[in-house]
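The structure appears right after this line, and notes come after that.
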Amino acid sequence: MRVMGVDPGLTRCGLSLIESGQGRQLTALDVDVVRTPSDAPLSSRLLAINEAVEHWLETHRPDVVAIERVFSQQNVKTVMGTAQAGGVVALAAAKRGVEVHFHTPSEVKAAVTGNGTADKAQVTAMVTRILALQTKPTPADAADALALAICHCWRAPMIAQMAKAHALAEQQRRSYTAKLKAAR
């Protein structure tokens, strides 16, 4: 499975591509950070992110895109920019029929470090170790994008099992409801 991990942001948007093998074997294929000037109009910044993501989707053809879910921050402007960048990425993937999943920062930290409250240095160190990289990925947005892809690779089997369980439960609920109606 090829997973494109995205750490969304207007100033710096981290992009990564990881391929999963058997078990927990992972290979980093590419990583980059899209930068946009803070003084540029919002529409220009979002367009630059969209163009970079479109290029990545065309070049790398991921099976799934994993995006960091925006969480509450004190700076509303930062949250809005992050959400807008994430929306641009999700839309670009959806237009190509690529599955999109969102993961919270604590899910990513827990998957990569075993600690949902790990700091950036711990996440970067574990990403470097897990992927057997020669140097630490910089800036932090690159490491975070890799961590998102790792998280999804390792959580995907559980996500699939949960989806099957929910579908089965819904099917059984409908069957039971139909039997109740027939018995009346």
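Quick reminder: no glycine exception, Cβ is built from N, Cα and C everywhere.
Residues or ranges marked as active site by Swiss-Prot on the basis of sequence analysis: Asp7 (among others). Cβ-based neighbour count (10 Å, all protein chains) for Asp7 (active site) stands at 28. Asp7 (active site) carries a strand DSSP state (E or B).
According to Swiss-Prot, the feature active site maps to Glu68 (among others), an assignment based on sequence analysis. Sequence-distant neighbours of Glu68 (active site) (same chain, 6+ residues apart, CB-CB distance under 8 A): Val6, Asp7, Pro8, Thr82, Gly86, Phe102, His103, Thr104, Pro105, Val108, Asp144, Leu148.
The feature active site is assigned by Swiss-Prot to Asp141 (among others), with sequence analysis given as support. Of all the Cβ atoms in the protein chains shown, 24 others lie within 10 Å of the Cβ of Asp141 (active site).
According to Swiss-Prot, the Mg(2+) 1 binding site annotation covers Asp7, Asp141.
Per Swiss-Prot, the feature Mg(2+) 2 binding site maps to Glu68; the stated evidence is sequence analysis.
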